[in-house]
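Please read the structure below before turning to the comments.
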Amino acid sequence: MATVAAILTVPCSAGRRPKRSSQPRGCGSGSLSVRASSGANTVTLLDYGAGNVRSVRNAIRHLGFGIRDVESPEDILAAERLVFPGVGAFGSAMDVLNSTGMADALREYIQRDRSFLGICLGLQLLFDSSEENGPVSGLGVIPGVVRRFDSSNGLIVPHIGWNALQITKDTPLLQGADGQHVYFVHSYHVLPSDANRDWISSICNYGDSFISSISMGNVQAVQFHPEKSGATGLSILKKFLSPISSGTKVPTRRKASKLAKRVIACLDVRSNDKGDLVVTKGDQYDVRDHTSSKEVRNLGKPVDLASQYYIDGADEVSFLNITGFRDFPLGDLPMLEVLRCASEKVFVPLTVGGGIRDFTDANGRYYSSLEVASEYFRSGADKISIGSDAVYAAEAFLQTGVKTGKSSLEQISRVYGNQAVVVSIDPRRVYVKSQEDVPFKTVKVSTKGPSGEEYAWYQCTVNGGRDNRPIGAYELAKAVEELGAGEILLNCIDCDGQGCGFDIDLVKMVSDAVTIPVIASSGAGAVQHFSEVFEKTNASAALAAGIFHRKEVPILAVKEHLVNAGVEIEGFLDQSQNSGLPTHAYSWATDAITITGGATGLAVLAQSYRAAAASTVTGSPPQRNAIDSVLGQR
């Protein structure tokens, strides 16, 4: 019997700075994923080279299936089951499909009613056309036009996060998924019509009711990402891969009604003085202990913690690379190995930031920021976060009013879509006596300054908060939205590591100013800080780091509090079943063994899980043994 302790073991070398090599590295053979044997079923995957398809690969392998890649149109026609995880821009995808002859092969395959699953863009491409940088003609299988969400009435676009499915047609693929949260990330959608009504199997509401999945015979497609939708998504994917099975068991959860607020776990990753990659946490961006040793704070290994936070119910996991590694060739960057390993164990979105810029390695090889981002996407990132580069691009844009298209923000957004690009803003509060004292947006602060000042502006910084720039957080946020950012990670140097709560004044100012999602960051120290930022601002998500690493405030406690505060969240089972066991923890446990005993068994597991969550060291023997002891009785 597999044990939870065994599942927590991380086999790859992602905890240390690797030796240089000309070959990209994987994560070894002993991983969480169930590897398909040579005689196992195989699915054909159409990967045309854009975005993060690694996550789909990992989910398929995790479920015990092998993969055959499409290399020619003939491979499509020969497939028994075909998965098409479309990522990026509609026009770019159609260019590739048309130039390779795969568009015609796809049309013929679908017309033959062969087993097909399209994901995200893989759904949109089935329709007649798209307005994205167009009009651009699609495959023309289903009547309809792909249009951008209308943000003119204040709707936040892109649509990012966990939203509720509304089943409109009974299909085996979506059995048990009605009213459940699944993960969406897109700016374009298709509306139901009389012409396409027969195809629709589910809808989702965001501004309008849009098509979230289609089904006709053996042809299926979903707008959401099952590979990033935790237990529910894996169950849907399993039902496609093995129609005779019932899919991964997912217990009944609270009925979802709308887009959920997200709780994100952030891991600051850097090399310590011994050369090992560790997760650390700063105090106003200072990551070294205030002792004579001045060592980098070591709060755990990146992949271990990311895996644990997925189990605990984090809606997303964000890595911030705070070590330059500029001497490394691109393929050997240590964070790439962290992503490869984490994406085999974490089935919610992964974001990575830090070091995404043009650079030249020690061998004199030049890499563009687009090349760097592409490698991160191929290694398992769903979104990338840009910091200093975005500040410089915004300053140039505000000075000239010209979009050059050459900045890293513009280039990556154009190729991968703005939903894949996060801009990280690192401001510090500057108090002023009057709103007229500075040419930047000011706010009337909740707490007066040291000399009784009633106003403040938020000066942006670069290089990890070390250098101030002549631009405010408000002005920067507006500019990067115009340049193509799809989301803003809003930090606050003054609040970082203080545990006194998010800077509500800052978060409200920025989230009211833009129509893209804003993630509140810096300062969380108690569960009440999460409900406060959601109740008082338009933040779409809240991020924390140190309080999770140190087990001061477990993710489980945050989500319980938000449920009790009436905030829509993803990831809790029906309270009558198990008193609040996170769904990811249940899925994680059932990956190891089959749990029997119904609600009673789940209640015992929940009780043990809660006790184990109090362990001061993630993955420590007490935590593992506590859960193992329960699982061993089942």
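Cβ atoms are placed via backbone N, Cα and C, with glycine included.
Lifted from TrEMBL, the feature list:
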- 45-241: domain 'Glutamine amidotransferase' (DOMAIN)
- C120: L-glutamine binding site (BINDING)
- C120: active site, for GATase activity (ACT_SITE)
- H225: active site, for GATase activity (ACT_SITE)
- E227: active site, for GATase activity (ACT_SITE)
- D268: active site (ACT_SITE)
- G355, N491: substrate binding site (BINDING)
- D426: active site (ACT_SITE)
Distance check against N491 (substrate binding site) for the recorded positions C120, H225, E227, D268, D426, keeping those with Cα within 10 Å: D426
Among C120, D268, G355, D426, which are recorded as recorded positions, the nearest neighbour of H225 (active site, for GATase activity) by Cα: C120
Local Cβ density at the residue listed as 'L-glutamine binding site' - other Cβ atoms counted within 10 Å: 27
Between G355 (substrate binding site) and E227 (active site, for GATase activity): CA-CA distance (Å): 26
Cα separation, the residue listed as 'L-glutamine binding site' to D426 (active site) (Å, whole number): 32
Greatest C-beta neighbour count within 10 angstroms, which of the recorded positions D268, G355, N491: N491
Neighbour count (Cβ, 10 Å) for D426 (active site): 28
Neighbour count (Cβ, 10 Å) for H225 (active site, for GATase activity): 26
